[in-house]
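> The structure follows.
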Amino acid sequence: MNVLNEKSLTVRGKDRYKSGVMSYKKMGYWEPDYTPKDTDIICLFRVTPQDGVDPIEAAAAVAGESSTATWTVVWTDRLTAAEKYRAKCYRVDPVPGAEGQYFAYIAYDLDLFESGSISNLTASVIGNVFGFKPLKALRLEDMRLPVAYVKTFKGPPTGIVVERERLDKFGRPLLGATVKPKLGLSGRNYGRVVYEALKGGLDFTKDDENINSQPFMHWRERFLYCMEAVNRAQAATGEVKGSYLNVTAATMEDMYERAEFAKELGSVVVMIDLVIGYTAIQSMSNWARKNDMILHLHRAGHSTYTRQRNHGVSFRVISKWMRLAGVDHIHAGTVVGKLEGDPLTTRGYYDICREEHNPMQLEHGIFFDQNWASLNKMMPVASGGIHAGQMHQLIQHLGEDVVLQFGGGTIGHPMGIQAGAIANRVALEAMILARNEGRDYVSEGPDILAKAAASCTPLKQALEVWKDVTFNYQSTDAPDYVTTPAVA
């Protein structure tokens, strides 16, 4: 039931097609009695109207401008199944604790969208409408994607289960590190970082988002040194290792060339950045599927439209799009690290990545039930300002199916890179052992780490160096229905 309970004002018959301007709610974009079909795509928008603009008219305008409307009545509407194709705003609620903001629920007929195309989907729901003058701000908070639509996508090419089988690693989070500094190293020194980190016990190393092919290190040079390091580390440890080789480039032809070279060298994983765009992401997903390659996505650029609470696109929506588009890894927040990440909201992101079905959970920012129709699961990645002393918190908040990326927390270790990797691996193994023994690893976490450090100098050093490091700031994007406590 609408909190703003205004009846339908739709004008029908010959009056609907008189020349001139008609309000959106009279044109049929406000239908409070509409019951969404199982096949409808539903969007939840946070609408902030300009002062003096009726919130229902603003919500109806969002529905209209993201589907079939233009600024005036057009006679060609009579040549279409207008009643079917018009998006329908059927509910408008004030946002709790946010004066002047409203949640607008809008249903779209499935036939408005091309099968299996994120670019087409986004061209409608985040196209022109975000620049509409009657709105101060607009944010796409969540979407319900019907099974009929989900099934038109291929999803992640590898998935969590097959990735673990390929790596032969089960029962614990995977460990990684982003090579630092992200820019400036020569290929040889870059490869040395990779080798020491993997030999010390990490499962993966990673290129950062902006390392592509620069004067100080050509991409081919980096790939060669990285894969030499991976192969030597595998031989030394007897474990399957990998390094996320960033194939992001100026053109698809360049990206395919780099990905093919990574495959020739024996890499199990390639990496792309979110900024390459939705079509390029889906294209690389198709390549990864054909070539049995894990596809890692760095969410570079996402905060330009996910960070602000009243305008843009929520990261939970980006996560849904990326699961459809088909990536195996996606950076999804750390809770305790240096980057934005409310605990409950981040849990919602992780659930979207890893669950077969997401029930509505307002406390996690999830507004709709979502059936993933057997699409593979994505492995979330936690990266940014985390270290071994937080291991119990990371496992508590993020669970087991996650890649924990300790970049500075490995490479910044006072005893060196390999020691940093050892510290992280020992901390993880100690915490997983305590968990499997049934201990309260969260409350006992510091003691568990201290005991492990007594026989592991690298871990002892890590705990000493980073013992006071926290990033305890108020989150800017928290659930609207729950007050989220700060993370210690």
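Just so it is clear, glycine is given a Cβ too, placed from its N, Cα and C backbone atoms.
Given the structure is predicted, the values throughout are model-derived calculations rather than measurements.
What Swiss-Prot records for Lys180, His298 is active site, proton acceptor. Marked as Mg(2+) binding site by Swiss-Prot on the basis of sequence analysis: Lys206, Asp208, Glu209. Under the heading N6-carboxylysine, Swiss-Prot lists Lys206, citing sequence analysis as support. Taken from Swiss-Prot, the feature site 'Transition state stabilizer' covers Lys338.
Help me understand the surroundings of these features in the structure.
Over all protein chains present, the Cβ of Lys180 (active site, proton acceptor) has 16 other Cβ atoms lying within 10 Å. Secondary structure at Lys180 (active site, proton acceptor), as computed by DSSP, is coil.
Secondary structure from DSSP puts His298 (active site, proton acceptor) in a beta strand.
Within the same chain, the residues at least 6 positions away from Lys206 (Mg(2+) binding site) whose Cβ sits under 8 Å from its Cβ are Gly176, Ala177, Thr178, Val179, Ser243, Tyr244, Met271, His296, Ser383, Gln405, Gly407, listed in sequence order.
Secondary structure from DSSP puts Lys206 (Mg(2+) binding site) in a beta strand.
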> How many neighbouring Cβ atoms, not counting its own, are there within 10 Å of the Cβ of Glu209 (Mg(2+) binding site)?
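A 10 Å sphere around the Cβ of Glu209 (Mg(2+) binding site) contains 20 other Cβ atoms.
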> At the Cα level, what's the spacing in Å between His298 (active site, proton acceptor) and Asp208 (Mg(2+) binding site), rounded?
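If we compare the Cα positions of His298 (active site, proton acceptor) and Asp208 (Mg(2+) binding site), the gap is 8 Å.
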> Whose Cβ lies within 8 Å of the mean position of the Cβ atoms of Lys206, Asp208, Glu209, the Mg(2+) site, other than those residues?
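Nearby residues not in the site list: Thr178, Val179, Lys182, Asp207, Asn210, Ile211, Tyr244, Asn246, Met271, His298, Ala300.
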> About how far apart, in whole Å, are the alpha carbons (Cα) of Lys180 (active site, proton acceptor) and Asp208 (Mg(2+) binding site)?
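If we compare the Cα positions of Lys180 (active site, proton acceptor) and Asp208 (Mg(2+) binding site), the gap is 8 Å.
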